[in-house]
Amino acid sequence: MARKTPIERYRNIGISAHIDAGKTTTTERILFYTGVNHKLGETHDGSATMDWMEQEQERGITITSAATTAFWRGMAGNYPEHRINIIDTPGHVDFTIEVERSMRVLDGACMVYCAVGGVQPQSETVWRQANKYGVPRLAFVNKMDRTGANFFKVYDQLKTRLRANPVPIVIPIGVEDSFTGVVDLVKMKAIIWDEASQGTKFEYGDIPAELEGTANEWREKLVEAAAESSEELMNKYLETGSLDEDDINVALRQRTIAGEIQPMLCGTAFKNKGVQRMLDAVIDYLPSPADIPPVDGQDDDGNPIKRSADDAEKFSALAFKLMSDPFVGQLTFVRVYSGVLKSGDTVYNPIKGKKERIGRLLQMHANNREEIKEVLAGDIAAVVGLKDVTTGETLCDIDSHILLERMEFPEPVISQAVEPKSKADQEKMGLALSRLAQEDPSFRVRSDEESGQTIISGMGELHLEILVDRMRREFGVEANVGKPQVAYRETIRKNCDEVEGKFVKQSGGRGQYGHVVLKLEPLPPGGGYEFVDAIKGGVVPREYIPAVDKGIQETLPAGILAGYPVVDVKATLFFGSYHDVDSNENAFKMAASMAFKEGMRRASPVLLEPMMAVEVETPEDYAGTVMGDLSSRRGMVQGMDDIVGGGKTIKAEVPLAEMFGYATNLRSLTQGRATYTMEFKHYAEAPKNVADEVIAARGK
């Protein structure tokens, strides 16, 4: 089937921001102006289309990335129809995984900032994720109608805090209550939106006299940024002193896609001003799937191969999100990088080595859906009923295999025990937890062998609270939840140059014999686990070496200090012996496990605890109290900045163990006037007194 929209007119964009910057409202306005919604949804009354889970509507925050397709012909109807796939991503730190996954499959992003709050901690996290995947982006400064709004302050923060290179393409007319529109620096005209039509109509006018000087100054910066795109344009600019509109747009597009600049706009989504111009900027400056480099992957032999965004290429796609839908069951969201996917096709999953048959294909609009027959290169859609595909896996042509780069998911830092309230809940709970863990790779479920309890782990208290809540609402499982527990780790600080493990059993008939000698060394943080085979002369036969590795790996989940997972250790197998008759895989696994445990004891084992980056915004009067309290929680205060309009931002690194219940405590310390955000930073060695307490508590 021929394309309705050429690939050059596709835009796959994410809308990303700090919590409360007004991102979901911005998305709602996009859906309204592109004609998808005929009634405006508001986050604060729980009617926003993109926030479709019950918890999201109650809490007024976005938890899962909803994917929506919209169409845009330009604010003045002056463009051919463009197809925009929008992914709305959450702004709460506990849901960073959602942002990470959407960044992996997007071509461009709109970063939304609050004109009052500016660049906040989560803005920095999101910016880092966009850098990691090389996503070109625009900046949209929202809430220009709020008291304390300051477009130019946010411009400065983008430069200093994010090391961005923002290029304003509009500047505000008025501020706070008197914000009425923007000066378009490309056209050098004022844009005033009509309030009666909820911003669907607008007028170009002359730039207000009092803004002419400012507009000329920023126009100059805009033209300079455009001229820097090529020597040819720079010469033209130096000769004529200016550039025309087409030159500017082509140059800004080129530099935005290269990641050199970020066009910057402003408005107030809630008051229906500015989002329309931002949509035009999405078309003008953000890439189509054809503008980005071909996607990298590997063939079956591990050789690098590429696929371009072309319908004629062999099919390849990445599954980037799983979701349970109450009506159609399991949905797998896929980004098609090359070729065409049709319902009824059989495709290949190279990670599992399995074939999958494609059932129905759906184009999603928040939680409404439209059935489609095929998905073309560059598009995003949901597949119904894939049996064995998890987040981050590749789907490809059955005869032309490619494995796309997998996504990286963070390790959980907090755990809780969950127990079903009744026998009936017991059976349903296992199913509910495995379904939720399949959807969310940053959520883990395991059984504690000693206590028999089910332990759930995630990225923060809110993350686990919402998952338990979903278990109740979506699966009808009532559960009791234990106190949050810190996800400690264990490692070693010294080498153990030689440690022996010997497993010998003689009980008549065939016995067991395994004998290994290992060397253990600490790895740098984040090194994980490494196994080296340094056997010479066949003292341990080839076929038993994988069993040694496996024996060590099976020991890693429970360390010798307090039974926490062991990380950052290198084990080298360099000697051993075997018996012609009695040796087998199991005997070598047991010997390796014994040697590793003993080696850990000799190599100065230590307990590691998760450290959190905490940022508190507080009125100045309470700054001293807040800092004192953070220090009493074993926190290291790393700095304090002024907030424009009064108040202080305090940055600190604090152990997670000391942060439980902090929200309540901070409220009482500051009479409810301070707010904070917290995200995982790294693991660090726990002080001896803390480690002793944790070890003693686990030993009870």
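Start at 1 and count along the chain as shown; that gives each residue its number.
Glycine residues also receive a Cβ, built from the backbone N, Cα and C atoms like all the rest.
Here Swiss-Prot flags 17-24, 88-92, 142-145 as GTP binding site, drawing on sequence analysis. Taken from Swiss-Prot, the feature domain 'tr-type G' covers 8-290.
Taking Cβ-Cβ distances under 8 Å and a sequence separation of 6 or more, the neighbours of Met144 (GTP binding site) in its chain are Ala115, Phe151, Pro172, Val175, Glu176, Phe179, Cys266, Gly267, Thr268, Lys273, Gly274. Annotation note: Met144 (GTP binding site) sits in a coil segment as assigned by DSSP. Per-residue pLDDT, averaged across the domain 'tr-type G' (8-290), gives 79.
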